[in-house]
Amino acid sequence: MYSVILVRHGESVYNQQNLFTGWTDVSLTERGIHEAREAGQLIREAGYTFDMAFSSVLKRSIQTMHYILDELDLLWIPEQKAWKLNERHYGALQGLSKTDTACKYGEEQLHLWRRSLTVRPPLLKPDDPRSPRLEERYKSIAEHDLPLGESLQDTVARVGYFWHHRIVPLIRKKERILISAHGNTLRALIKYMEDIDEKTLTDLNIPTGIPLVYELDEHVQPIRRFYLGEQEHIDRKSAEVADQGNVTE
Ligand SMILES: O=C(O)[C@@H](CO)OP(=O)(O)O
């Protein structure tokens, strides 16, 4: 049996301000740093270790990976930063307030944009200053591969491809892997691995900074997944994510 640990980065500045983030490159808050360190402690206490770590190319995910590895005294292991693990691209919603968006378009539309499988956000124009096509860090990526806004299904395709082609071969070689990524990237990966139905996927909210352990069989198929830590704390943090954008908050 194999296992892999997935972690959503700790709270970011945009999470704290309740703004759509996507590919916006914002840092962790003090709380986020604390969450990342706590994730590392939980992993250490549960007895897991890693041979290699993955993150996206966004600093909240990189910082989280480093805080976790520091807690495990594993900052020396090989790491790979991959744009295919970036958060789902939130298109023209990036930088907008979730609450203001709910007030303007209604909670139902907000929920569709945030949690449906197939609905895309309004797309960015290619020359929008937020476009990844203008960013130095994506200069080696073909323009048509860089999204201007993604549905979760689009994210499932790129994350699933990365999982299948880059991570599974390492797991088969018995490499113990940490993946530090994002709320919707991890929802996409869970959808890819388990093909869960749309209703379950809609209700799936990944809490920040809580390690999620996947146990995998000899074919690298999931046996079960579970969070490390206290259930009550995990439920509270998942509900916090679900409630972002509630107008009545
Ligand atoms: O804004 C975002 O990029 C994501 C994650 O922070 O938010 P949501 O939970 O609304 O999909």
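Using N, Cα and C of the backbone, Cβ positions are placed for all residues, glycine too.
Bear in mind that the values here come from a model prediction, so they are computed numbers and not experimental data.
Taken from TrEMBL, the feature active site, tele-phosphohistidine intermediate applies to His9. As annotated by TrEMBL, active site, proton donor/acceptor applies to Glu87. Look at TrEMBL and you will find 8-15, 21-22, Arg60, 87-90, Lys98, 114-115, 183-184 tagged as substrate binding site. The site 'Transition state stabilizer' annotation in TrEMBL covers His182.
Here the features listed in TrEMBL are placed on the structure.
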residue	record	contacts (Cβ under 8 Å, 6+ apart)
Arg8	substrate binding site	Ala181, His182, Gly183, Leu186, Ile206, Pro207, Thr208, Gly209, Ile210
His9	active site, tele-phosphohistidine intermediate	Leu28, Gly32, Ala36, Arg60, Ser61, Gln63, Thr64, Ser180, Ala181, His182, Thr208, Gly209
Glu11	substrate binding site	Leu28, Thr29, Arg31, Gly32, Glu35, Thr208, Gly209
Tyr14	substrate binding site	Phe20, Thr21, Thr24, Val26
Gly22	substrate binding site	Glu87, Arg88, His89, Tyr90, Gly91, Leu93, Gln94
Lys98	substrate binding site	Asn18, Leu19, Phe20, Leu110, Arg114, Gln244, Gly245
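Other C-beta atoms found within 10 angstroms of the C-beta of Gly183 (substrate binding site) number 20, with every protein chain shown included. All chains included, 29 other C-beta atoms sit within 10 angstroms of the C-beta of His182 (site 'Transition state stabilizer'). Look at Arg8 (substrate binding site): DSSP puts it in a strand. Proximity to ligand 1 (Cβ under 6 Å from any of its atoms) holds for these recorded positions out of Arg8, Glu11, Gly22, Glu87: Gly22, Glu87.
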